[in-house]
């Protein structure tokens, strides 16, 4: 078993020290109020004691945290008082991410997180390990996952052959892995010697591997050096680089809701100086001299100018955030994994096994569609480091035609010819948005009753927006029932075109609300294992004719079965790694 | 197609009644502390809530059906939004039988089918006798094992 980087002992000590600092202070203050002999004046003495105890706990945490690579699982044992030991089988690992903040990059440290499909949390998080150790772990786990996969395939293949020839004994991975368990779980050491040469992954048969010879727990240092000095051994093949032009276009055309939250947060933190600043900026164009004096026109100008300021600042923040996040984005492949790297201040790198990809989505907002660009995302079942859950950006932004070609190469889907829902659906949206508009007008009317607002009926202009909104929603809905895939498109502001291979379908549901039943419409919900997130719902074909929905429902079910049979026979991934 | 046990209506009616009573208590609270609400209105709201609850329970029972088809578990349910769901046996991760306190008092039990999908909580068959629930659980488990697919999630 390995320990984390020694510097993490320091950070844990400081972290827990400051956390525990408050315990005696709160205790002394609370008890001092109740019992006479305890005085609140003790806190200056009690606080350092709490800090020391916390620091001791932090150091103990460091010494009690161990992780290691065993032949079958990645193990993590942690906890000072309550111990937890966790074994994660390689076959279940969804992705391995490496994250580095600015300070960590200066110190040569990194945080490694390992995700599986289950649960809403990261299964194992190592903060911190050294940079080279992070690379070694990422590489080792990746190769062992590939190895497990290869073994499973060989076993299956030889089982198939065994059925035909009758005598051949299938390779038994269990046998040599239990051998390895007896030899002891030595980190990074390849203790199992596969009896079957075909079970050796292709990328390790052709080179001398320092970790194919059993090493003691003390020796990985040499191995780490070897990793640091030979980055090219990872054999990364580049698939896509985000060019400067694309990065800038992406930064300027996409918007991050997080920017709104950040601006609001800063506003609440420093309300007074910000209001003063806003008043000062509005003054030259006719805003009030100070809050509390000035006419209604002055206030109107102040409101408009402040709103423009707010929007511009939020937008610029969003641009800066996107720029910093996707700076130097690189997508590559190693073996059958996608590996990506990105970030200006905080560097992310992660790997996604191709066989874990559930669906592929092309996104484009109105601005991006205007300039003919789009982005490509892949969805896995685990939770990613981003707020978008199990969705990873494979190509943040590229020309639309390129993205479409990538999608077709990656999933092998034919160019879709989209079908639209019946025009009846548009009538539904017309009614729906009219109701929304009516609510807005009613709200303004209510406001006019309690404040001095005049001319509430001008709010009725929102009804002008209803027909175009309904039409735009309608025209962007489309679906395509392909040979091996279902393609679902929807959304005007963030148009998402999701390609779902039939073999990834989990459940299919036809939904009809009372309004839809009256119009003879239905929505089809296709659930996959990729986690549903706050922003991205489950892929749904909205408001198609009931018969079409039923047809797609049956097609999805039938083709799931046939696709699974085919896949079992051909051992086909269904995805092409070299999609660019 | 198989229907649920008729006693499930009692459970749903009880749930509706609880909602109606809670609503009545909230209104009584409003009457006490905020604004005057006539007692007749409170009684009316509770009565309407009860009637709606009963109607909903009866209708839901009429609509709720499920069936084991050759490749999937097929369910039909929903009063306001009618939903037809197919859960392919290959996708079944595990199957639970569950029962809450009211269900236990009524001698009923539910089967919950888990898939790797994100809407897994949707697949719940309530209102089965404990024997039928165990039976269904066993059948589903066997079918799931039989049709196991070696694809990775």
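Backbone N, Cα and C atoms are what each Cβ position is placed from, and that goes for glycine too.
TrEMBL: automatically predicted annotations, no manual curation.
Quick look at what TrEMBL annotates:
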TRANSMEM  A:12-35  transmembrane segment
TRANSMEM  A:41-63  transmembrane segment
DOMAIN    A:62-141  domain 'YdbS-like PH'
REGION    A:147-233  region 'Disordered'
COMPBIAS  A:157-170  compositional bias 'Polar residues'
COMPBIAS  A:222-233  compositional bias 'Basic and acidic residues'
TRANSMEM  A:247-270  transmembrane segment
TRANSMEM  A:299-324  transmembrane segment
DOMAIN    A:327-404  domain 'YdbS-like PH'
TRANSMEM  A:429-450  transmembrane segment
TRANSMEM  A:456-475  transmembrane segment
DOMAIN    A:476-551  domain 'YdbS-like PH'
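When Cβ-Cβ distances below 8 Å are used as the criterion, the transmembrane segment (A:456-475) is approached by residues 420-421, 423, 425-426, 429-430, 432-434, 437, 440-441, 444-445, 447-448, 492 of the same chain, each at least six residues removed from its ends. For the transmembrane segment (A:247-270), the residues of the chain that approach it from at least six positions outside its boundaries are 310, 313-315, 317-323, 326-327, 329, 365, 367-368, 371, 373, 375, 387, 396-397, 535, judged by C-beta separation under 8 angstroms. Confidence over the domain 'YdbS-like PH' (A:476-551), given as mean pLDDT on the 0 to 100 scale, stands at 88.
With a threshold of 8 Å between CB atoms, the same-chain residues lying at least 6 positions outside the transmembrane segment (A:41-63) that come near it are 3-4, 6, 8-9, 11-25, 27-29, 32, 78, 80.
With DSSP states grouped into helix (H, G, I), strand (E, B) and coil, the domain 'YdbS-like PH' (A:476-551) comes out at 15 helix, 37 strand, 24 coil. Counting residues per DSSP class in helix, strand and coil order gives 13 helix, 40 strand, 25 coil for the domain 'YdbS-like PH' (A:327-404).
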